[in-house]
Amino acid sequence: MIIGVPKEIKNNENRVGVTPAGVMELVRHGHTVFVQQSAGLQSGFEDDEYIGAGAKILPTIEEVYQTAEMIIKVKEPIAPEYSLIKKDQLLFTYFHFASSEVLTRAMIDSGSVCVSYETVEDPDRSLPLLTPMSEVAGRMSIQQGAKYLEKPLKGRGILLGGVPGVAPAKVLVLGGGVVGTQAAKMAAGMGADVTILDISPKRLKYLDDVMPANVNTEYSNEYTIRKHIKTSDLIVGGVLIPGAKAPKLITRDMLKEMRPGTVLVDVAVDQGGCFETTKPTTHQDPVYIIDDVVHYSVANMPGAVPYTSTMALTNVTLPYAIQLANKGWKKACAENEPLKKGLNVINGDVVYPAISEAFDLPLKDVNAYTSKLD
Ligand SMILES: NC(=O)c1ccc[n+]([C@@H]2O[C@H](COP(=O)([O-])OP(=O)(O)OC[C@H]3O[C@@H](n4cnc5c(N)ncnc54)[C@H](O)[C@@H]3O)[C@@H](O)[C@H]2O)c1
């Protein structure tokens, strides 16, 4: 198959859809890979590395879309890309269709086949192509939190791990899922005194088994949250109720009970945030202060570490990309149920229920396409 890797053009998106290692794998499977000039530069990959791995470099995004049967990228196409997409072209990327009717209609009109990273779903309902970004954000929340606890950045002026003879900082993690687990692990590794709150007894039991001695677990409710916020230095929000807005676990009035310079990192900002005072921020201007409490709520945290994020993303997308390229999307999806869940729009038809519901569009049965093998 002829595969194209365009340079991302969305503002501040520094990742790239395929690494040189990924190119080598695809070429080894007999595919031809065209990478747009400087597509990997912001993630630390020079064109020469791609050439060494077997890719051909094309100078413009137009040529990449024109040449490729399958496009592998990171973010959803944005307006300047819509007219470049060809009928029957296979697009493998994040789409988040339910949040944009304009994008949905543009992809319907294009006649392309859209496989969304974020809806590829394992039998246990986990989302394998979303997990690595939560891992990055969870780990990064502690790195950012530790930084903003420094006095010149308006924090309490406390070192996360303390020093011999001085107690470490207290870190409260709301939600013990992927984000919360990685955050707790990092904070514990730096020597902080960590508490994770969750509402899933099963998850609390698991965390209690695997976490080091400086991590405690407690059941999450308002009473426990009010108790902990009075003495916490850094609070990380990582709760998720699938398909719903995040619950507001820390309300505006609670800020008064915190010590000045406490840092709040709301990783759940992309689902509305789990602190009432959360508003989305950017890497250019990541924090703001309310009632002497520092708020960090960058909506695309992994964007600041594109090298790590690109590697983490492509590690998980590549096996699916290889299946799509080797077998074609119909056979690959027919034989792989998690990948079939990634099919969102096929040649003008919506085949994913949540998108049809979001915009009141007719829903076609995905099996009608995957069972008809050419
Ligand atoms: N800002 C970013 O850049 C960024 C990056 C990646 C992920 N995220 C977001 O981070 C959030 C967490 O993602 P995840 O992958 O860890 O989700 P997850 O499903 O793995 O974990 C969520 C956890 O929250 C727990 N929970 C639900 N309600 C709770 C409550 N009231 N109190 C305490 N815990 C509760 C659940 O039991 C679960 O264990 C999501 O909103 C995700 O979109 C943001």
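The backbone N, Cα and C atoms fix where each Cβ goes, glycine too.
No curator has checked TrEMBL annotations; they are predicted automatically.
Annotated NAD(+) binding in TrEMBL involves ASP198, ARG203, SER220, VAL239, LEU240, VAL267, ALA268, VAL269, ASP270, VAL298, ALA299, ASN300, MET301 plus, out of the candidates SER134, SER356, SER371, the residue SER134. If you take every residue in the domain 'Alanine dehydrogenase/pyridine nucleotide transhydrogenase N-terminal' (4-137) and average the pLDDT, you get 96. Among the recorded positions HIS96, VAL239, VAL267, VAL269, VAL298, the ones whose Cα sits within 10 Å of the Cα of LYS75 (substrate binding site) are HIS96.
In the three-state DSSP classification, VAL298 (NAD(+) binding site) falls within a strand. Taken through DSSP, the domain 'Alanine dehydrogenase/pyridine nucleotide transhydrogenase N-terminal' (4-137) splits into 52 helix, 21 strand, 61 coil.
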